[in-house]
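Let me begin by presenting the structure, written as structure tokens, before commenting on it.
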Amino acid sequence: MAAVLANGDSQGRPQRNYQVVVAGTRDMGIGKDGVLPWKLPGDLKFFKELTLTTSDPVKKNAVIMGRKTWESIPVKSRPLPGRLNVILTRSGSFDFATVENVVICGSMESALELLASTPYCLSIEKVFVIGGGQVLREYLKGPACEAIHLTDIQSSIECDTFIPPVDFSVFQPWYSSFPVIESNIRHSFVSFVRVRKSVAETHESNGKESTEVDTKNDKFETENFSFLPKMVYDRHEEYQYLNLVEDIIRSGAQKNDRTGTGTLSKFGCQMRFNLRKNFPLLTTKRVFWRGVVEELLWFISGSTNAKVLQEKGIHIWDGNASREYLNSVGLAHREEGDLGPIYGFQWRHFGAEYTDMHADYTGKGFDQLMDVIDKIKNDPEDRRIILSAWNPSDLKKMALPPCHMFAQFYVENGELSCQMYQRSADMGLGVPFNIASYSLLTYMIAQVCDLSPGDFVHVIGDAHVYRNHVRALEEQIQKMPKPFPILKINPSKKDIDSFMASDFKLVGYDPHQKIEMKMAV
């Protein structure tokens, strides 16, 4: 393709949207003395794959850059192969006459107009803006910028060129890789998507409890995020859940179960969620966030009284706390609502003799949760930082033996990670709750211990779909994920027993509608 010169005149013609690709430090330093102040082969590989790959094999992508960025590319590597190189310059002396796959434009507006016109609108799949500093400072927040792909440099590196930070009122993380260290530089790859056209109203609670999502402020103006490159779009962590559900429905073993409902089942599954940039609350259906928070606080309090949750409008334990159910499992002597020595009791009073939900167990048994926190603070390399709800001697006293039964915590690089083992996992109703609950617990313990949240690893024994959930889940897996929300916690809370529901605030949760599924009891 011969080079073309487009002037800077704008006639209000249609323009292409674009996505920014940039590597930057925590204060958004992107260069020093006109070059990248780091050498990261992994970053170059990511850049090449992102900007070169197309879904349509007959199309190519375009990369837009300023003249200085073009000149900073080694001569042997320019133009960037397999891509249309669009160079922004007003210099009349710029020599382009013999360069193939290069277009010269006098402004960003003229470049975007040119790419929206024939033949480029038919041959160019995606448009990436790749630098330099002046271009990015002006167009990182431009209304046509639909995504930002950031190599997040987490090591301290001196820079003299900076760009504005990502505007979190407009953009939210879609995907964040787990951190890697290369050339002694810690970094990760983060893709942000535009969810609003302009700065949203401030996320105030307007008198609501913070655990209530403010749907007015959190409503996305963007509903479909398929504009992302497929390699990024498919990395949304919710696909771990959706793909597992689909696999179980398609090829799971047919099993009977204690409820008589019947399941499709797989054994030995794992999902891993990155807690550093956002919070894994599923978006392909609305998850009962207030219920997640109140139940976890109830566990932490050591309570076994389902009526405490009922009084807050949380009815997730009603089925296992009813008179009829307690009678059916040999607990007819137990008061209705008394669930026995379940999760919270084992977390805070392991080994104590359980009498009923009204007894005062202060100082009785072993407080596993406080032991976990003490070890994280004082012996973070301990490999025995364990929280277990599985107490064989108490199982027959429980209304329901623990499903999520065992958690191990791990400290590295100032971050706290959690791996939870779940013996039995109801993929439709339970697992979305469980992912959120243990991720929240990790956030809380991390804050108490002056750490940052790292990973949540979810290991499942019997992962099953109840037969009466199949149709609802088939509907759910057809939905397209949206960005996970961001969780903010009252930073003044440093005692695990001091948290209240109002200390937690979700920002940017705009899921698909609720999908009804009946609980098997």
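Residue 1 is the first one shown; counting continues down the chain.
A Cβ is built for glycine as well, from the same backbone N, Cα and C atoms used for every other residue.
Of the residues proposed, Ile64, Ile73, Ile124, Ile130, the one Swiss-Prot records at the same substrate site as Val21, Asp43, Thr151 is Ile130.
Sequence-distant neighbours of Ala23 (NADP(+) binding site) (same chain, six or more apart, CB under 8 Å from its CB) are Ile30, Leu36, Trp38, Leu40, Asp43, Leu150, Thr151, Ile153, His187, listed in sequence order. Candidate binding-site residues: Val21, Gly31, Gly131, Arg137. Nearest to Ser424 (dUMP binding site) by Cα distance: Val21. Nearest neighbour of Lys68 (NADP(+) binding site) by Cα distance, taken over the binding-site residues Arg258, Gln422, Tyr466: Gln422. Taking CA atoms as the reference points, Cys403 (active site) and Asp426 (dUMP binding site) are 9 Å apart.
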